[in-house]
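Everything on this sheet refers to the single structure shown next.
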Amino acid sequence: MSSTAAPGAEGGLRTRQGGAPHRSAGAAVRPRPRRSRRGAGTLLGIVLVAPLILLMLLVIGFPLVNTVLLSFQDQGVVGTPSSFVGLRTYQAILGDSALWESLRRSGVWLVGNLVVQTVLAMATALLLTRVGRWSKAARTWVLLPWVIPTVAVAVIWQWLTNSNYGLLAKGLGVLGLDGVQFFADPDWAMPTLILMNSWHWFPLGTVIIFGALQTIPGEVYEAAKVDGVNAWQMFWHITLPLLQPVLFALGLVGTLWSFNIIDSIYLVTRGGPSGASTTAPVMIYDTAFKAFRASEAAAMSVAAIVLLGILAWLYIRFAKPEEV
Amino acid sequence: MTVRRIRRRAPLSAALVALTLGATACGGGTGGVADQGGGGDTLTLWHMEQPPNRVEAWQALIDRYNETDPEFPVEQQVQDWNQIYTKIAGAVQSNTQPDILFTIPDFTTYVRPLGKVRPVTDVVEELDGEHRYIEAATAPYTDEDEVWAVPMYGMVQMLWYREDLLAEAGITEAPETWEDLLAAAEAATGDGRSGIALPAGKNLATDQVIYSFMLTNGAGDFFTEDGQPDFDRPEVVETFEFYDRLMEFSPPDSANYSWGEPQAAFNSGAAAMAIEKGQYLMPFEEESGRPAEDLGCAPIPQPADGGQPGSIYYSNAAMVLSEDDARAEAAEDFLAWLLQPENYGEFLNAEPGLFLPLTEDGVEAESWTSHEVITTYRDCVDQMLEQSRSGALFGFVGGQYVDEIGNISGQNVLAQVIQQIAVEGRDPAEAVAAGQQMMLDAVQG
């Protein structure tokens, strides 16, 4: 084929194979066509990406701008007429201790989910890497909690913990621990919700970590074994460092995702009992659609965006692993 | 941009997209309207009665109506009470609201300001002349000399009790007073069973049971004449004290109970009594495994000293939101067709015992009275109809029409007060005072 190739194709082949000096030489001889090709490539790239950018602007940019504009108004019921009030809504919500309390609960929710999900996902992924029939089978059914719809997860956990017929409640009762009211006790509601949500989402982390574990060359472990390294040392000095980029990305996206979760909480406790599980998103939802104060809810959303942005920046700044 | 720079920026970009997605989800956007409403050649009916038996029964009725070859056939679309506030606002903004929207009184106060609800005074007057509405049917929908929704069916709360379980506890008469109720609940509690199952979660179910007791204690009207909250009163505090005492005999996780949990406890025998509406009738035998005679019902117990009959009662109705007159007229025709005695029973029996007739000829309609559930529990059904006469709904007592009642009921203030008392151990008087402040904040916006 190369023998019958057109001159242009030959030139292209030469350029690809020739390395840097050839490219420089080619550029010196025929600069304009190269720039033109680069320009065409850039244009093609823009054309290909443009629909996605437009879509993103439409489905993310527009609601975001709308939310910011709404926060400077005094709208009550969503969609009703309103007038511009400047920063007055921000003054009101930032001076409200309930917002800060909900943000504190969001912090607890976020850290709790991060820790529990990461530990569960890591442990499960490590177990799945073991050779054996059970671990192979488990690779499928471990995904089960993930594919169950959130509403079903909420019902399952409510049934499990119901004091009259709940398996968990009755089981603890047999052990003499029948005083635990999982979703009805302010001290237990948040930890139980974190556990429920982590149970639902940890398979996602498991799949990602399991995939990353498969990319670690087996020779590294074999070499370590020859050097007499024990299992814990292998995990601490080999597995964990090599997983850091994946854990970092998982932590970042998972944290932001967890912060915004509302369905799991709302379906089970609606923020109760007595406000014990009212996180910031729950409060925003209630403010918009229960108290009918749309602008206040919008201002809270904007405040949450800013706060999350700062958190994300700090996370990236301080937790980003060294490039391997 | 080099690969290295892309790598550096990738985490930040991912973070920004993730947090923006979440934030916009929480934001003030009106949200999408999955099931678009009015338009085309069909009349769209939105209702929030999700149980499959209700949807199927109404679909059968709608099919029968559509067979009469109306100008605009009707199509039902089932909505969720938790989402309808968002959806109807979005639908109205995009001019895709349904032609007919089922409602309850406080939801009507939310939808009317959106500007699409048509007054139906003329058709309601016609229907009243033809079928004779009971007075409580239209009152909560009457404001500014207009009626804003066509009343369709009523709901009232009763005390439900397991005759077999109370008999085991030595109780042979239904409790009539608060003191009787406390005594019966205490006697029936034990061996893993609760005397009564009460909702105390932050939800409407809790609001409604508490409100029934408030009515019996003369605390049903907690607004001044000019519509301001007047909640912080001794009779309100007394009612919450009583409810708190009663909760001692309710399952320990009642603070997270809503509609379903008390009924499940009642039918499974884990609780001997409950307070709710007529949905307890139909599934009782199947779910409890007990004969129908074991299901007892009684009016809501009242204080022995100075009490009065009372229970939460409200009519469900249908608003007309059609864009043009022809569609509005067709919507009214359909609603009038439903209220014809030969159709009304079938409509009500989508949930027999829960949906009560609002018209005099509806009460006697063979299409309603012949249903097996109605005939089996006829005594309880009659008691519910009787209880309806003393029923009321907060914000609409004695001809009131509090525009901001939706703000109060939407925030479940009554439920929040009982949670402060029962969960946090707060003094009832303090909790009621806090409830008064919550109501003021809600009304003032």
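Every residue gets a Cβ built from N, Cα and C, even glycine.
Nobody curates TrEMBL annotations by hand; they come from automatic prediction.
According to TrEMBL, the region 'Disordered' annotation covers A:1-36.
Per TrEMBL, transmembrane segment is recorded for A:40-65 (among others). Within its own chain, the transmembrane segment (A:40-65) has Cβ neighbours under 8 Å at 305, counting only residues six or more beyond its boundaries.
Residues annotated as domain 'ABC transmembrane type-1' in TrEMBL: A:103-315.
Per TrEMBL, transmembrane segment is recorded for A:107-129 (among others).
Annotation comment: TrEMBL describes A:141-160 (among others) as transmembrane segment.
Annotation comment: TrEMBL describes A:188-213 (among others) as transmembrane segment.
Counting only same-chain residues 6+ beyond the ends of the transmembrane segment (A:234-259), those with a CB under 8 A from a CB of the stretch are 106, 109-110, 113-114, 117-118, 121, 126, 197, 201, 205, 208-209, 212-213, 216, 220-221, 224-225, 280-281, 304, 308, 311-312, 315-316, 319-321, 324. Residues annotated as transmembrane segment in TrEMBL: A:234-259 (among others).
If you look up TrEMBL, you'll see A:297-316 (among others) marked as transmembrane segment. For the transmembrane segment (A:297-316), the list of distant contacts is 64, 67-68, 70-71, 75, 89-90, 92-94, 99, 103, 251-252, 255-256, 259, 280-281, 283-285, 287-288: same-chain residues at least six beyond its ends, Cβ to Cβ under 8 Å.
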